[in-house]
Each structure stands twice: as C-alpha cells, then as structure tokens.
Amino acid sequence: MGHEQNQGAALLQMLPLLWLLPHSWAVPEAPTPMWPDDLQNHTFLHTVYCQDGSPSVGLSEAYDEDQLFFFDFSQNTRVPRLPEFADWAQEQGDAPAILFDKEFCEWMIQQIGPKLDGKIPVSRGFPIAEVFTLKPLEFGKPNTLVCFVSNLFPPMLTVNWQHHSVPVEGFGPTFVSAVDGLSFQAFSYLNFTPEPSDIFSCIVTHEIDRYTAIAYWVPRNALPSDLLENVLCGVAFGLGVLGIIVGIVLIIYFRKPCSGD
C-alpha cells in the first residue's frame, strides 16, 4: 500500500508539468496545410539537453539537420559552427529564455529523474565515426580533417586526434547537434597540411559505457599540386594542337575542287 501511495505521489508531482508538453500530445492533430507546389517545408531545431555526465548541459540549433550554432554556457554566448554564421551568433536577445530552459532541465533531472530510475528503459547508441577532408585533397596545401560522429545517444563523448599514433593538440571544440528521432551527431575539426605519408586517427569515446570508435584517414586519389598543374597544362596544350590539326584538315578538304565525271 505504501509503495502504491509513493507512486501516486510521484505522479501528482508531475501533473503541473503537463502544460509543458507539446500541444500535439494534448489535442487532435491539425490538418496538414496545403502549400503551393513551389514551396518547401524546412525544419529549425532548437534543442536544449541536460544529463548526469559531461557535458552536463548543451544547446544546439540546426536548420534541416545542418548545425548552425551551439551555446557556450560558461560564456553565455552562441558559438557558430562555421565563420559565415558569426554575425548571426551575436544576437543574444533570447539569452534569458535559454538560461531558464537550462535551469528547468537541471531541475527535471534532480527532481523527477530519481523517481523514474528503473522504470524507463535506458537507451544507448554506439557511436559511428568517419573522417574526411573539408576540401579536395592536394598535398602541401592547408586543409581540414572532419571527424563526423553519428548514432550518438546520449551525447556524452570525448574526441581525440592522433597522427602516426601520437596525440595531436590544437584541434577545435566538438560540436554536438540534435537530429530527428531524438538522437545526436557530433563534428570535430583538425587543421593540417596533408603529406603523402600521413596517417590520422579520430578516437571517439562514449563516456557512458567507455565504448570507443576509431576512424582512420590516409591520403587517397590525390596528386601533388605541381604535378596536377603540369598535367592540366599538358592536356590543354594537347587539345589545342589537336584542334588546330583538325581545323587545317577540314579547310583543305572543303577547298579541294570536286572532280568531274
């Protein structure tokens, strides 16, 4: 009897939170609007999350699953994923609302989390990592390696880089963003100048279960920039000479007098 009363008390404490649920949970779904054929639907995700782990709180904003910003709660400011978004990141008019969401999320973890512990299945996603270059590969020219992490849940991870099995320093922060289906993805960037002998590895550790995913990168299908320029010049020169020869042959052919019967 006492156990049932405790469960009932826990449910009563959750009743004031029902107003926070999305309206689609409480009312029938509205009819789908009929948009003109030349219009497209887009999705902007503003996702605040908190957890008993690192990072303890986070905010990501994405447009059609392409991350635009994350929020640095230590500085109370947006951080753009790409430099092109820096001007938009200066807008801080919604900072009080973001801080309220943070405090409310942390309160939910503290007050309601223990009551639901053991009653809700724990979801886990084993992260999948892959590494690629941001620009076409040319030896000797600065480029950026991108470590893309998918199937991430919960978003507790550590990303490290190695070059020939030696730890690399100086890489940028890890950007975590939410995607459809309440899962997450992450990006880590490393600036480098590629060489033919390079071997890089991106090591992703899922903090909640210490699962580690490793993705390797080695140069493939690349030509040194000097050789590439020489090859392109040679091809262009060859095509030019061929065009001249074909032109001369056609001129001679059409100016040749026709033989009579």
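Backbone N, Cα and C atoms are what each Cβ position is placed from, and that goes for glycine too.
Copied from Swiss-Prot, the annotated features are:
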TOPO_DOM  27-233  topological domain 'Lumenal'
REGION    27-124  region 'Alpha-1'
REGION    125-217  region 'Alpha-2'
REGION    218-233  region 'Connecting peptide'
TRANSMEM  234-254  transmembrane segment
TOPO_DOM  255-261  topological domain 'Cytoplasmic'
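Not one residue of the same chain 6+ positions outside the transmembrane segment (234-254) places its C-beta atom under 8 angstroms from a C-beta of that stretch. Across the region 'Alpha-2' (125-217), DSSP classifies residues as 0 helix, 58 strand, 35 coil. Sorting the region 'Alpha-1' (27-124) by DSSP state (H, G, I as helix; E, B as strand; all else coil) yields 28 helix, 25 strand, 45 coil. Each residue in the region 'Alpha-1' (27-124) has a pLDDT score, and their mean in this model is 80.
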